[in-house]
Amino acid sequence: MAVLRSGTKTRKESTQGGQEVIEELGSKRVVNGNTTLNAKADSQNKGLSRMQTVMFISLMLDLLGFTVILPLFPALLDFYSKNDTSGLYSKLVSWVSVFQDAVGIPSRFHSVLFGGLLGSLFSFLQFLSSPITGALSDVYGRKPIFVLTLIGVTMSYAMWALSSTFPLFIMARIIGGTTKGNVSLAYSIMTDILDEKSRAKGMALIGVAFSVGFTVGPAIGAMFSRWGSTGWFMVSALYALGLSLLNILYFSIFFEETLPQEKRRKSVGSGLSEAWDLINPSSLFSFRAVKGLEKEERSKLTQLGWVYFLYLFLYSGLEFTMTFVTHHKHSYSSMDQGRMFSFLGIVMALMQGGYVRRVKDGKEKSMAVKGLLMMTPAFILVGASETSIGLYSGLTLYALGSSMMVPCLTAMASLHGSESHKGTLLGIWRSLGALARAVGPVITSIGFWCLGAEICYIVGGLLMIAPLAVLHSY
């Protein structure tokens, strides 16, 4: 007779050739009266926790370098407007000016608009590359593909450091956008190491890294701008390059592969049709490249993808025009806007680190609904308020609501599909977000300058009801 006891459950089995009694309590294992430590489970749990820490630190290193350029865009564009001899800058400016004149955007916002369009280009490149990066990681493992993305980002910073001409700078942004797949892989890695009950906590940890990175990074960039440097901010580029090289070294040494060989896909796909499924928008929204999904499960995942896309489409557009709102209605200087974005980053980090990470299993949808409910009054207050109190009331709701959305929606999406397709699924997920961020700012800018801040933000806030309705029926 064999007795196996784990926690409060006891299981008895008959054996032949003798009697063996096994008891497991916590980390102790008793076999025929002899006690041994069940170190394997403890070691595994510690390893998973360590991988979360490694991922968090890696993302922090990446984001502190990535965000340093954000406050430098106006000065960078001003430098290239005066020093570019290739003709590329003037040609792009003429195209932007046609759009600017047609919409009625004042000339003083020219550099902000141009920088936003460059940001849309960066997001569009991520839209193209993220699902392919995820699919490759499903076949070759997370670690080698993650390191390759870090190498690509490092190359983009090296090119920025050498970009005395505008074409070199644009090439640096193209390389950076194409290879910026480490964030989608971070979601896949969290899915590998966390069970369904803990997955939202891992997604929130990624959110904390983003909040801290987007709070501290731009402040460092502003500090570099005061130091002078060269016209294209070589010192800032070398700072980002140094962090990226450190990230490659750190990740290569401390990260352990989280996708075992037996759980990997056998091939990326031999035909062009599967590659097309990874970049074709209609295929992306139906998650066609994710194989093995039942009809009902695919329908649910598609529904969730639309919630994510619609939310980020509206969110990114209103987020982009927030600079216009604060300058146009509240006469905010760059320093005032810096303090505003720092406030947002701090609130988001506290919310994600202190509350979202404690969401209970199965409550992700409920929290996402609460987040969406906050976004409607948030944007109405931001657009319609005439005082700083009204503005910051809206910004607080904006920070609280947005800090809930992406971690919870991503955790819900990660519950679908098999382990061997998880990288593909989350790569497509990330790509849908990048597509929303590529088109949202352009379309919202048109609405902002044609309709005015109040109407644009009221309409945008009310349109948040659309993803809320789709999520409610999920």
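If you go along the chain as it appears here, the first residue is 1 and each next one adds 1.
Heads up, the Cβ atoms here are built off N, Cα and C, so glycines get one too.
Quick caveat, the model's predicted, so the values are computed rather than measured.
According to TrEMBL, the feature domain 'Major facilitator superfamily (MFS) profile' maps to 51-474. Per-residue confidence over the domain 'Major facilitator superfamily (MFS) profile' (51-474) averages 87 (mean pLDDT, predicted model).
Taken from TrEMBL, the feature transmembrane segment covers 54-77 (among others).
Positions annotated as transmembrane segment by TrEMBL: 112-133 (among others). Within its own chain, the transmembrane segment (112-133) is flanked in space by residues 73-74, 77, 92-93, 96, 99-100, 105, 145, 149, 173-174, 176-181, 184-185, 275, 278-279, 284, 289, 320, 323-324, 423-424, 427-428, 430-432, 434-435, 437-439, 441-442, 445, which lie at least six positions past its ends and keep a Cβ under 8 Å from the stretch.
Beyond the ends of the transmembrane segment (145-162), by six or more residues, the same chain brings 62, 65-66, 69, 133, 136-137, 168-169, 171-173, 175-176, 178-182, 185, 189, 232, 234, 237-238, 240-241, 244-245, 247-248, 251-252, 255 to within a C-beta distance below 8 angstroms of the stretch. Per TrEMBL, transmembrane segment is recorded for 145-162 (among others).
Summarising the annotation, TrEMBL assigns transmembrane segment to 168-190 (among others).
Listed by sequence, the residues of this chain that lie at least six past the ends of the transmembrane segment (202-225) yet keep a Cβ under 8 A from its Cβ atoms are 52, 55-56, 59-60, 62-72, 75, 183, 186-187, 190-191, 193-194, 233, 235-236, 239, 338, 341-342, 344-346, 348-349, 352-353, 356-357, 359, 403, 406-408, 410-411, 414. For 202-225 (among others), the entry in TrEMBL reads transmembrane segment.
Residues or ranges marked as transmembrane segment by TrEMBL: 231-255 (among others).
If one looks beyond the transmembrane segment (301-318) by at least 6 residues along the same chain, the residues whose Cβ comes under 8 Å of a Cβ in the stretch are 284-287, 290, 293, 368, 372, 375, 379, 382, 402, 405-406, 409-410, 412-413, 416-417, 425, 428-429, 432-433, 435-437, 439-441, 443-445, 447, 456-457, 460-461, 463-464, 466-467, 470-471, 473-474. Among the features that TrEMBL reports, transmembrane segment is placed at 301-318 (among others).
The transmembrane segment annotation in TrEMBL covers 338-356 (among others). Listed as Cβ neighbours of the transmembrane segment (338-356) (distance under 8 Å, sequence separation of 6 or more from its ends, same chain) are residues 71, 200, 204-205, 207-208, 210-212, 214-216, 218-219, 222, 326, 332, 367, 392, 395-396, 398-400, 402-404, 407-408.
Long-range contacts of the transmembrane segment (446-471) within its own chain (CB-CB distance under 8 A, at least 6 residues past either end) are made by residues 103-105, 303-304, 306-308, 310-311, 314, 317-318, 321, 324-325, 328-329, 365, 368-369, 372-373, 375-380, 382-384. Sequence annotations record features per position, and here TrEMBL assigns transmembrane segment to 446-471 (among others).
Long-range Cβ contacts of the transmembrane segment (54-77) within its own chain (Cβ-Cβ under 8 Å, at least 6 residues beyond either end) map to 111-112, 114-115, 118, 150, 153, 157, 160, 169, 180, 182-183, 186, 189-190, 205-206, 208-210, 212-214, 216-218, 220-222, 224-225, 232-233, 236, 239-241, 243-244, 246-247, 250-251, 254-255, 334, 338.
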